[in-house]
């Protein structure tokens, strides 16, 4: 698929996500946002969920564009292999593309008015919105993963989730550690009470000690670097060349950007936005509020492994219909009428 998003079905779409809405049906054509998860959603054997679909042929195409045996990665790679940043990003991106293609073919997408993705998922969102063709998106994802992995090896760091503390308290603790020379930053603001830090191991450990004093807790995440922080500056330098080689569509469906939670419907800003994304926090909570408020989205279709974003959206956008599509089986359940 190149240039424009896939054509929408003319008929009204009536979809029900019984697992997340308690059986309540939303009739008609609600304004839909497509959302895509990021790195961390990967798991061994994740490709099995899509292996028997027509879209599986795209796996070979993505392999050609990335120089990676993606089928091997999706079907046989163990969890340790999938912890490698560059491979994890290709794996998650590919399953998101498969989920998007199959959901579109099944008529699930409905009246799509905007897209958004969490970190890596923003690249799939750009593809789904018609901003970048598949070949270029796959090459960008591969280049991004390589750059981030290399940068993390040169500037080691970690990430950690903060629980039981509000954003003001977390910011104050970050400032205290920084005043003492520590390198730690807020990396993700995902939902109310869901904040992720990024920085050196020493600085994160120091903040964890301070968090306990405030009756909070810091939990280390199994990631390969201090992503979405200034420690990723070298990765931005390496990604710049890959972005320069890509032509973004002059017009596309709006995509809400991680760095400022604003919608963009033309390609002129995306190179700078993606470079900034590497060293800036992911403002996911604000992004969902933009989708639900300014853009009027009442239905959120999460395309890709896991249900990370579905859980966040339910905490942010009260009353929104959430439709997670993590496998062909889940898609079949959503699109098969009950007897």
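Quick reminder: no glycine exception, Cβ is built from N, Cα and C everywhere.
Caution: TrEMBL annotation is automatic and unverified by curators.
The annotation active site is assigned in TrEMBL to 119, 228. Residues or ranges marked as domain 'Malonyl-CoA:ACP transacylase (MAT)' by TrEMBL: 35-334.
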Residue 228 (active site) and residue 119 (active site), distance between Cα atoms, whole Å:
9
Per-residue pLDDT averaged over the domain 'Malonyl-CoA:ACP transacylase (MAT)' (35-334), given as an integer:
97
Give me the long-range Cβ neighbours of residue 228 (active site): same chain, 6+ apart, Cβ under 8 Å, in sequence order.
119, 185, 187, 188, 198, 277, 278, 279, 280, 281, 282
Around the C-beta of residue 119 (active site), how many further C-beta atoms are within 10 angstroms, looking at every protein chain?
23
